[in-house]
Amino acid sequence: MAPRRSPDLAAAAAAALLLLAALPGIRSFSELFFVKEPQDVTVARKQAVVLDCLARGEVPITITWLRNGVKVSENEQIHSLSNGSLYIRELESSKPGERLDEGGYQCLALNKHGAVLSQKAHLTFATLSAFEVQPLPTEVHEGGVARFACKIPAHPPAIITWEVNGTVLLMETDRITVLPSGVLQIYSVEPKDAGSYRCVATTVVGRRRSGEAKLTVAPATNTKLFHKPSIIAGPQNMTASLHQTVIFECVAIGNPKPIVSWSRLDHKSIDVFNTRVLGNGNLMISDVKVQHSGVYVCRATIPGTRNFTTAMATLLVLAPPSFVEWPESLTRPRAGTARFACQAEGIPTPKISWLKNGRKIHSNGRIKTYTSKLVINQIIPEDDAIYQCVAENSQGTVLARARLTVVLSEDRPSAPCNVHAETMSSSAILLAWERPLYNSDKVIAYSVHYMKAEGLNNEEYQVVIGNDTTHYIIDDLDPASNYTFYVVAYMPLGASQMSDHVTRHTLEDVPLRAPELSLTSRTPSDVLISWLPIPVKYRRGEVVAFRLSFRLSMESSIQGLELPGTTYEYLLRGLKPDSIYLVRISAATKVGWGEASLWTSHRTPKATSVKAPKSPELRLEPLNCTTITIKWQQELADMAAIQGYKLYYKEEGQQESGPILLRARDSTYTIGGLDPRRKYHVRLLAYNSMEEGYEADQTVSTPGCVSIRDRLVPPPPPPHHLYAKANSSSSIFLHWGRPAFTSAQVINYTLRCHPVGLQNASLVLYLQTSETHLMVQGLEPNTKYEFAVRLHVDQLSSPWSPVVYHTTLPEAPAGPPLEVKATLIEEDTALVSWKPPAGIRTLVSRYTILYASRKAWIAGEWHVLHREGTITMALLENLRVGSVYLIKLAASNEVGEGPFSSVVELVVLPKEPLEANQRPKRLDSAEADTTRSGSYQLDQRSMTGIIAGVSIALGCILVCILILIYHGKARVELTLL
């Protein structure tokens with residue numbers, strides 16, 4: 001039902017506002033406010049506590065206490081003090097998990113001008129639970145790193161200390177680091193570190209000791225053996241409140257010992273004033289602020305090399321609400337309009353609510369609450385009050401207050417009387433009234449107000465008519481609905497009070513829409529037809545019957561049956577297998593039958609498909625006017641193997657799109673880019689390597705997009721500053737800014753993602769989130785993607801943001817370089833050649849060549865060479881004659897390093913003497929048992945072949961020359977004759 005908009009009645013009374021100062025009845029007040037408000041407190045059980053509350057304003061002031069929104073019942077145990085504070089003698093709890101006195105406390109201050117509510121103070125018990133994580137036994141080689149961890153739920157957080165062999169662990173060496181999070185790190189482990197370790201958790205409640213874990217120190221291994229860096233305890237994602245301290249752990253091992261460094265993924269500099277390194281690489285950030293939020297990267301690097309590994313974690317800093325716009329006190333005449341504005345920021349986004357004299361306001365009729373505004377239409381004297389804007393999130397609550405003063409005119413008319421209504425049809429009601437008893441000659445207009453009587457958050461509409469009539473027909477109402485009406489009379493200096501309210505019911509009508517059908521088969525010879533109740537706004541009365549019609553697609557004869565209005569499924573039996581059936585449905589109220597749905601098709605399974613996967617339980621939900629979410633669940637009793645799912649969809653009357661191939665573990669899918677107010681048919685089936693399963697068919701209608709004409713507001717602007725950063729070879733992190741146009745409580749975003757140059761629109765990925773960031777996963781490595789984002793708020797959708805492009809990181813090489821060959825080209829120089837690792841999308845930025853003689857290899861001493869990823873050969877120089885060298889290669893890129901190839905042996909022999917059977921030897925990875933001559937050194941057999949070939953060629957040339965000379969002489973002799 002579209003609202004009727006009338007001119008602002010406050011504008012009609014503009015002349016009256018000029019005289020307000022001279023009118024009697026304008027009230028002033030001494031502002032009511034809090035000097036002290038209750039604060040959060042954590043106490044031990046059986047301990048007394050006092051919650052402060054002190055208000056100032058025109059006396060007398062009454063203080064009332066609320067717990068979790070309910071008035072506190074005072075007794076000897078809990079009562080108010082003379083200064084307004086609340087005293088709780090001994091905190092009680094009836095049983096574990098149920099706290100009688102715990103909760104959110106607020107005080108309400110009241111005087112004759114109104115009431116204000118304080119901020120919420122959380123009263124909690126101190127607790128110390130059992131350990132969730134306890135230290136585990138570990139064995140470490142001498143010189144290695146030992147790590148123990150324990151975790152215990154406690155409020156307030158417990159202080160963790162450590163004991164070894166029953167005594168306090170002394171922190172007398174920098175080899176030992178204890179993190180407040182409950183982690184013990186011991187670097188460069190020595191034999192004397194062996195023993196039994198346990199952690200001790202201490203709070204105001206008491207102390208708990210964990211179980212003991214034994215540290216065993218094994219003898220040191222070969223210290224010269226090269227080991228790539230490895231992070232054995234990396235940072236974890238963390239959420240912290242403002243001003244807390246957070247610690248990211250990073251423990252790395254390798255040989256030589258790696259160096260640990262930290263950076264941010266967005267390349268912003270790390271705050272040096274609030275951060276420091278604990279121990280050998282743990283990052284501590286003190287007094288965290290919102291700007292500290294981000295992705296932090298720990299990098300462990302072998303000194304003097306490019307061998308490194310990384311680990312990353314996200315820090316999200318939560319912030320309590322703070323106001324960026326406060327409501328201001330207003331003075332308005334009777335029947336005017338008051339608008340209070342209020343905006344707050346915080347993480348998570350604060351929820352805005354409104355209070356009137358300390359009581360929550362529910363949006364309905366004259367009073368509307370929007371994302372950041374409170375609007376009061378047709379002001380009445382009872383609206384004179386103190387209003388508070390409440391901004392609340394998980395981190396706290398803030399309140400701001402404002403006063404609405406209502407100005408009353410002494411010369412106003414009385415209210416219209418004898419208001420009555422009469423139902424005309426399913427959409428029209430006649431409203432009639434009599435003129436006011438007093439000052440009716442000064443009435444210049446009437447306004448008729450109406451709204452639905454049931455439910456909350458109903459819109460109130462008004463129509464302004466002249467003073468020459470006392471009846472009006474409202475003809476844009478919904479069928480089968482109750483409406484409430486009242487009338488107000490206006491004169492030049494103000495408005496009357498509201499008339500008495502009357503309620504009237506419109507008549508029923510035929511249903512405006514048929515139900516949405518869902519079709520599945522349980523056997524090859526049946527179809528289960530199910531449907532949901534028609535939405536109330538399309539029902540237009542009580543549905544008393546449904547009519548089902550069905551036929552074979554190739555036949556014209558239609559069969560039908562009628563079902564009661566309380567039935568929502570029916571099983572058709574005795575059907576033909578592997579046949580397409582068409583089904584439609586219509587609904588009826590007492591008035592008659594509504595229009596039938598269009599035909600929905602469904603193919604029954606083949607008679608031979610007894611082992612095919614059963615049809616999934618399908619559910620379709622419109623997410624907004626252009627997007628639907630598809631959810632499904634396979635029957636638990638279905639024992640058939642499932643390889644994946646095939647999804648098809650089409651707009652009614654259009655060609656079907658698909659199949660969209662989905663994985664067996666998938667259970668949801670989102671289709672975007674649809675048209676609003678359209679009906680779509682979705683078909684889903686499971687399949688395996690043998691055959692396709694039973695299909696499930698369902699229809700769904702997309703809602704209409706709220707237009708500018710409907711809402712008289714422009715669409716919201718799109719999100720800004722869309723930023724993309726590759727997180728791995730299969731994921732990209734997206735972040736964007738929220739527009740400053742609103743502080744809406746609920747904002748949803750749709751992210752569009754697809755590879756650049758994609759031709760098949762059905763493969764475009766649409767993802768939904770309520771946050772301003774999203775990690776898109778399951779992408780192809782080393783592929784360029786296109787991203788855009790839009791927002792949805794109050795049924796409005798913004799345009800798409802500007803497109804950004806970003807490429808996923810390449811995969812770390814999964815295999816080693818191929819066909820590694822080593823050939824001796826001089827007495828002390830060898831050429832190593834290879835081919836890139838297998839894989840179409842494998843990108844190599846660097847090759848690492850390790851080589852060493854057998855003696856050096858035994859001692860763990862390797863020579864290291866690096867070559868760029870475009871080079872596939874390298875020279876090994878200064879080799880020792882008479883030695884056997886071991887050679888292996890690995891490929892790497894910015895993501896990581898792949899495995900090393902198999903070892904290739906190269907025998908370096910002296911150049912002289914060189915006999916036929918003594919050639920330089922080398923083994924390649926493909927032919928480890930074969931010895932051949934290299935392409936850079938020619939043996940005697942090769943030289944003999946070359947000499948023989950050249951001799952034969954020269955002989956042929958000489959014979960040809962002699963033949964030509966002989967024929968030339970013969971021609972000369974013939975000429976002379």
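We number each residue from 1, going along the chain as drawn.
Keep in mind that glycine also has a Cβ here, set from the backbone N, Cα and C atoms.
Taken straight from TrEMBL:
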DOMAIN    24-124  domain 'Ig-like'
DOMAIN    129-216  domain 'Ig-like'
DOMAIN    229-309  domain 'Ig-like'
DOMAIN    321-405  domain 'Ig-like'
DOMAIN    415-509  domain 'Fibronectin type-III'
DOMAIN    511-607  domain 'Fibronectin type-III'
DOMAIN    612-708  domain 'Fibronectin type-III'
DOMAIN    718-811  domain 'Fibronectin type-III'
DOMAIN    816-911  domain 'Fibronectin type-III'
SIGNAL    1-28  signal peptide
TRANSMEM  945-966  transmembrane segment
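With DSSP states grouped into helix (H, G, I), strand (E, B) and coil, the domain 'Fibronectin type-III' (816-911) comes out at 5 helix, 49 strand, 42 coil. Mapped onto DSSP helix, strand and coil, the domain 'Ig-like' (24-124) counts 0 helix, 49 strand, 52 coil.
When the stretches 24-124, 612-708, 718-811 are ranked by Cβ pairs under 8 Å to the domain 'Ig-like' (229-309), first place goes to 718-811. Within the model, the domain 'Fibronectin type-III' (511-607) carries an average pLDDT of 89.
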